[in-house]
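Comments concern the structure below.
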Amino acid sequence: MSYLIASPEHLASSARDLVRLGSVVADANAAAAAPTTGVLAAAVDEVSIQIAALFGAHAHSYQQLSAQAATFHEQFVQTLATASRAYASAEAVNASPLQTLEQQVLSVINAPTEALLGRPLIGDGANGSAPGQAGGAGGLLYGNGGSGAAGAAGQAGGAGGAAGLWGSGGTGGAGGAGAAGGSGGNGGLLYGDGGAGGTGGIALAGINGGNPGSGGDGGSALLFGSGGDGGQGGTGLVGADGSNPTPTGTQAGDGSSAGPNAAVGDILAVSGGIGADGQSGGPGVGGGSGGNGGAAVAYSNGTSSNMLAANGGDGGGGGLAGVGAAGGNGGTGGGAGVQDLLADSGSSGAALGGAGGAGASGGAQGGAGGNGGEGGYASAASANYAATATGGHGGVGGAGASGAVGLDGGTGGAGGNGGHGGLLIGTGGNGGAGGIGGSGGAGDIGGAGGNGGAGGVASSSGISTSHGGDGGDGGDGGDGGDAGAGGVGGVGGKGGNGGLLMGTGGDGGSGGSGGDGGLGGNGGHGGAGGKGGNADQHADDGAPGIGGGGGDAGAGGTAGSGGAGGGAGTGGALLGSAGAGGALGAAGLMGAGGTGGAPG
């Protein structure tokens with residue numbers, strides 16, 4: 001007796017293919033109709049005319065047969081499609097009663113054990129539905145354990161359900177962030193494989209101390225069967241990038257400026273007061289600017305003038321900055337003047353502008369250096385002897401601070417151990433692979449160096465001479481922040497032991513790969529040198545300041561080393577071999593260094 005098996009899906013697919021095939025043949029016949037049915041005679045003689053008529057007659061006959069074949073093809077496709085729908089309808093009608101009957105029979109069989117033990121006699125355990133819920137146990141006689149549900153953040157994955165007499169254990173659920181994977185369920189008492197352990201959760205800052213979860217252990221077989229594989233460990237925490245604090249935009253108080261000083265006489269020296277340093281800023285607050293130096297002026301009131309001198313006070317230094325903020329700017333040097341238009345004789349006279357205050361260094365973690373203060377002006381006026389006026393030198397710019405460093409990546413989670421094979425016969429499960437180490441964080445950019453202050457302007461009249469002040473040197477840029485190192489890969493899980501009598505031990509899990517090192521931060525730009533002070537036609541301008549050097553690039557993070565492989569499971573006492581030890585994890589990649597800062 002033979003049986004006919006029909007697949008509605010295949011019948012419907014064949015009908016669609018035949019429709020496409022008929023369309024292609026119809027297009028080809030239409031394209032060939034005109035050239036073949038209208039063949040022209042090669043000449044006007046009777047033989048040529050008869051040959052052309054013969055070919056045309058054959059072409060007309062072919063077109064008539066093609067039309068009949070197309071009609072048959074269309075009828076055949078309709079019949080095939082109708083048969084497909086009929087078979088599908090019959091299956092749908094018959095499926096519902098059979099499924100209902102199956103459920104009714106199982107309900108009658110399982111009712112006593114469910115009432116007494118809360119567990120069916122035949123059937124698979126339910127899968128966990130709520131986060132971290134364990135899978136249900138399989139039927140007492142036959143059935144597989146249900147799979148555990150994945151855990152929420154910080155919650156371990158649910159364990160796989162155990163099988164009854166015959167069946168496989170359920171798979172453990174994946175651990176939530178920072179939590180371990182669920183263990184696999186044990187196989188059936190008589191026969192069945194253990195379930196695989198769940199994957200450990202990835203590391204997440206603020207959960208479980210930022211540590212990843214380990215992989216769940218594989219379930220063991222009892223008498224006959226193979227142990228389940230251990231779950232893979234979670235990935236280590238990614239190192240945070242170095243981040244220079246954002247300044248608040250506020251600035252500490254400025255230093256007070258010194259008042260002017262003037263005197264009249266034939267032999268005298270006058271000096272201006274020194275400006276006070278700027279106040280220091282708190283976290284994120286820039287340092288205050290230094291106070292301006294006091295001006296000094298010396299006048300002669302006689303017919304003979306000797307050793308007139310006026311020295312402007314130096315500007316105050318910039319105030320220290322808080323973390324991440326810019327250093328304070330230096331104060332402007334005080335002006336100086338010597339004036340002797342009445343005396344008809346004398347020996348010397350000099351006016352020296354005060355030096356600009358130095359800019360303060362930037363606050364830690366990428367703060368920019370403060371700008372140097374401008375040098376004070378100088379003026380000399382003498383009708384009958386040479387006096388000199390020299391502008392004050394500009395203040396040096398403050399150095400930029402090094403950028404914030406990146407943090408190291410975390411260690412990968414350990415792999416779960418493989419389940420043991422059946423007590424009598426069975427293969428041990430393989431250990432889970434160790435988790436990948438977290439990558440290191442990148443370093444941040446170094447702070448820019450402050451610009452040097454401009455040299456003071458000098459002027460003279462009569463037979464006096466003048467020299468402009470030299471510009472201040474720019475501050476060096478801060479070094480880029482060093483990057484964090486990659487984390488170490490997790491240790492692989494141990495392979496499960498083979499059956500006591502017969503069976504091969506499971507292989508140890510491979511160690512996790514080390515994390516990649518982070519990228520080093522870029523160096524800060526050096527500050528520009530200050531412009532030399534201008535002098536009038538009687539002398540030379542001051543020399544410009546030298547630009548600050550660019551900051552060095554931050555070092556790239558070192559590569560994380562690979563995790564150690566897990567140990568091998570032992571083989572059976574009578575027959576079987578031990579598993580292979582896990583391989584050492586691959587090391588991560590070395591992080592690239594940053595780019596050095598441009599000079600000023």
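Every residue, even glycine, has its Cβ placed from backbone N, Cα and C.
What TrEMBL records for 243-254 is compositional bias 'Polar residues'. The feature compositional bias 'Low complexity' is assigned by TrEMBL to 457-467. Annotated domain 'PE' per TrEMBL: 4-94, in sequence order. Look at TrEMBL and you will find 233-262, 452-489, 502-551 tagged as region 'Disordered'.
DSSP states for the region 'Disordered' (233-262), grouped as helix (H, G, I), strand (E, B) and coil, give 0 helix, 3 strand, 27 coil.
Packing against the region 'Disordered' (233-262) from elsewhere in the chain are residues 175, 178, 199-205, 210-215, 270-299, 313, 316, 319, 323-326, 328, 331, 334, 365-367, 403-416, 432-445, 447, 481, 483-485, 487-488, 490-491, 493, 512, 515, 518, 521, 557: each is 6 or more residues past its ends and has a CB under 8 Å from a CB in it. Taking DSSP states H, G and I as helix and E and B as strand, the region 'Disordered' (452-489) has 0 helix, 8 strand, 30 coil.
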